[in-house]
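Peer 1: Supplied in structure tokens, the structure appears directly below.
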Amino acid sequence: EGAGDCSSCVAVMLELARAMSQWAHGFKNAVIFLFNTGEEEGLNGAHSFVTQHPWSTTIRVAIDLEAMGIGGKSGLFQAGPHPWAVENFAAAAKYPSGQVTAQDLFASGAITSATDFQVYKEVAGLSGLDFAYTDKSAVYHTKNDKLDLLKPGSLQHLGENMLAFLLQAASSTSLPKGNAMEKEGKTVHETAVYFDILGTYMVLYRQGFANMLHNSVIVQSLLIWTASLVMGGYPAAVSLALTCLSAILMLVFSVSFAVVIAFILPQISSSPVPYVANPWLAVGLFAAPAFLGALTGQHLGYIILKAYLANMFSKRMQLSPIVQADLIKLEAERWLFKAGFLQWLILLALGNFYKIGSTFIALFWLVPPAFAYGFLEATLTPVRFPRPLKLATLLLGLAVPVLVSAGNFIRLANVIVAIVVRFDRNPGGTPEWLGNVILAVFIAVVLCLTLVYLLSYVHLSGAKRPIAIASCVLFVLSLILVLSGTVPPFSEDTARAVNVVHVVDASGKFGGKQEPSSFIALYSTTPGKLTKEVEQIKEGFVCGRDNVVDFVTLSMEYGCLTYDGTEGGWSQSDVPTIHVESEGFGIMDTKGNDNGRITKVSIDMKGSVRWSLAIDAEEIEDFTFKEGSEELVPRDEKSGMDGWHIIQFSGGKNAVSKFDLDLYWAKNSTESYHNANRKEKQRPLLKLRTDFDRLTPKTERVLSKLPAWCSLFGKSTSPQTLSFLNSLPVNF
């Protein structure tokens with residue numbers, strides 16, 4: 001288990017250490033191999049090293065090896081802030097693979113995961129590189145992250161690239177200055193734009209050059225458009241406006257067609273995401289409707305544009321109806337082709353303004369097609385009859401942008417499909433159609449942006465009807481495969497992510513002698529009902545949205561519960577306790593400030609070394625958290641999340657399990673405490689979950705009956721197989 005994430009990284013590092021020892025006598029810099037744990041619990045190992053280890057002050061560059069899947073190329077997805085590392089990697093690596101697009105996604109917050117590189121960069125102020133495997137991302141953090149799926153070529157790819165880079169870096173005399181100046185904020189580094197060409201060559205240039213290049217293209221494009229509009233006059237301006245309308249209609253219809261299918265699919269399919277095990281199904285289910293919508297939208301724009309051009313030609317030229325009709329079609333075709341220039345120019349300007357690294361994609365989709373059009377089609381004659389667009393214009397114009405960006409778009413689509421497996425962070429809390437909509441919109445937007453040039457050729461080719469019919473057939477066939485069950489949504493190797501937890505809930509029992517309730521909870525982070533799974537497992541499960549369980553770090557909004565036979569495998573001595581030691585008002589601190597209301601609480605985790613505690617941020621302004629005399633969380637300004645302060649703890653076998661908590665109430669809470677008419681709040685003051693990696697007899701039986709298409713999924717926020725819940729009410 002964990003072959004991809006991240007035994008593969010450990011294996012590569014061990015082999016690198018062996019190989020590099022052959023050349024160590026020539027090094028001018030030391031190379032430290034850091035094997036750390038605690039990454040899933042909050043990047044703790046990396047944080048411990050950079051904040052406590054004496055070597056941390058000597059580090060100049062940090063390289064992080066990661067995995068978001070298993071196999072494929074290990075690609076660079078974060079670099080900087082100093083460009084030295086990525087520049088040397090591009091020069092030294094044998095098979096360089098990396099895209100600044102992934103870095104932009106991380107920076108935007110669209111991908112919420114974090115790696116150790118975040119600690120090296122933000123806490124230690126280091127520059128460096130972050131690599132990860134992304135193929136088969138659906139197996140991430142499941143039992144299917146296994147050695148059978150890891151190809152030796154993937155390890156070799158990462159190893160050869162790293163060996164070449166490290167040998168060059170270790171022998172270099174020009175390493176960046178490291179963390180000292182970064183921490184003081186004295187240096188602002190120029191970031192780099194990078195992308196690979198078929199994994200054999202990496203194109204890299206700095207943001208300053210990118211800005212200069214983009215500004216040059218933008219200015220030249222605006223000058224060309226201005227000259228064209230001046231020469232064409234009012235009719236050219238109107239034609240340009242109608243061309244923009246065509247592009248808008250194309251996008252609207254494409255997105256609409258795809259999104260409608262995304263909404264309908266959960267209602268008619270056994271799974272809302274039937275394409276997870278077979279991502280190619282997304283081509284028929286979403287790409288075909290999106291393409292049909294794009295063709296429909298552009299066709300409407302084409303009709304409107306033809307109507308205007310017909311009116312214009314009739315006023316300016318006296319031609320036979322047949323000749324005039326042909327000229328109108330040819331002129332409309334050219335304007336639709338030029339719509340691509342305009343949309344990519346807008347994207348280039350926006351990306352350049354916000355200094356987005358991925359703007360290079362807009363550059364490549366604007367310049368080569370514009371050059372091909374200018375070289376093969378354009379004329380300086382103000383009065384001329386249009387001619388059919390040459391096929392060579394399309395081939396010459398699209399060869400480079402397709403080569404540069406096609407892999408990017410395909411990889412992003414695959415990542416979205418894989419993320420759907422673990423999309424529902426609060427099981428049942430996200431609409432079943434949302435993952436489909438995100439994928440559908442992405443596919444539709446990419447199709448509209450990239451096919452605008454190609455579709456302009458379709459209107460005069462006579463192939464519109466066959467293309468539309470082929471799209472419909474592809475969609476219908478894909479739908480038949482899904483609805484008939486011929487292609488199942490999940491497989492043994494690409495499984496649905498589920499969790500099976502034996503829960504002992506003592507919440508709401510504060511001060512009472514009621515017995516805690518014990519049950520097994522079955523839930524899934526993959527959208528969809530658990531009906532088929534429960535039918536196979538049996539064991540008395542009842543599913544529904546009324547089975548809400550608050551696991552502190554997540555909430556099960558939809559799931560299945562069974563109370564049958566859950567008495568064994570745990571005891572009362574495992575239930576964590578929350579005890580209010582004292583209450584105080586008007587207590588002065590050492591500076592003479594009134595602390596207001598303070599509540600001292602003792603918490604006994606009863607031997608659990610992995611737990612999560614949530615503190616109501618609306619009631620509690622601040623708090624301190626202690627273990628004996630050691631203050632683990634000091635009193636200072638704290639940020640909450642969704643109205644809660646959350647502490648997650650993960651320790652070793654001998655970790656302490658008794659803690660003291662001092663709660664400093666917000667002033668409005670102190671005032672409301674004295675109000676005799678205060679209404680009882682349902683929201684607790686403290687929520688606690690303690691975890692044990694222990695199988696109770698009932699849990700073991702359920703797991704043995706779990707369908708082959710299901711796999712347990714784990715994150716730092718996920719409960720283990722035995723969890724205890726407790727709470728402290730506000731009005732204790």
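Including glycine, each Cβ sits where the backbone N, Cα and C put it.
So TrEMBL has the following annotated:
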- 2-165: domain 'Peptidase M28' (DOMAIN)
- 222-242: transmembrane segment (TRANSMEM)
- 249-268: transmembrane segment (TRANSMEM)
- 280-305: transmembrane segment (TRANSMEM)
- 392-421: transmembrane segment (TRANSMEM)
- 433-455: transmembrane segment (TRANSMEM)
- 467-487: transmembrane segment (TRANSMEM)
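Quick one: how deep are these features, and who are their neighbours?
Peer 2: Within the model, the domain 'Peptidase M28' (2-165) carries an average pLDDT of 91.
Residues of the same chain lying 6 or more positions beyond the ends of the transmembrane segment (222-242) and with a Cβ under 8 Å from any Cβ of it are 301, 304-305, 308-309, 312, 331, 335, 342, 382.
The list of residues near the transmembrane segment (249-268) in space but at least 6 beyond its ends in sequence, with Cβ under 8 angstroms from a Cβ of it, reads 274, 285-287, 289-294, 296-298, 300-301, 432-433, 436-437, 439-441, 443-445, 447-448, 452, 455, 475, 482-483, 527-528.
Residues 239, 242-243, 245-258, 260-262, 265, 274, 332, 335-336, 413, 417, 436, 439-440, 443-444, 447-448, 451-452, 455-456, 458-459, 464, 467-468, 471-472, 474-475, 477-479, 481-482, 487 of the same chain, all 6+ positions outside the transmembrane segment (280-305), place their C-beta atoms under 8 angstroms from a C-beta of that stretch.
Taking Cβ pairs closer than 8 Å, the transmembrane segment (392-421) reaches residues 68-69, 99, 101, 134-138, 140, 195, 197-198, 273, 275-276, 279, 282, 360-361, 364-365, 368-373, 375-377, 435, 438-439, 442-443, 446, 450, 453-454, 457, 494, 496-497, 525-527, 713 in its own chain, all 6 or more past its ends.
Distant neighbours of the transmembrane segment (433-455): 247, 250-251, 254-255, 257-259, 261-263, 265-266, 272-273, 282, 286-287, 290-291, 293-295, 298, 336-337, 339-340, 343-344, 347, 365, 369, 394, 397-398, 401-402, 405, 409, 412-413, 416-417, 419-420, 423, 527; these residues of the same chain sit at least 6 beyond its ends, with a Cβ under 8 Å from one of its Cβ atoms.
Nonlocal intrachain contacts for the transmembrane segment (467-487), taken as residues 6+ away from its ends with a CB within less than 8 angstroms of a stretch CB, comprise 261, 265, 268-270, 274-275, 277-278, 281, 283-285, 288-289, 291-292, 295, 458.
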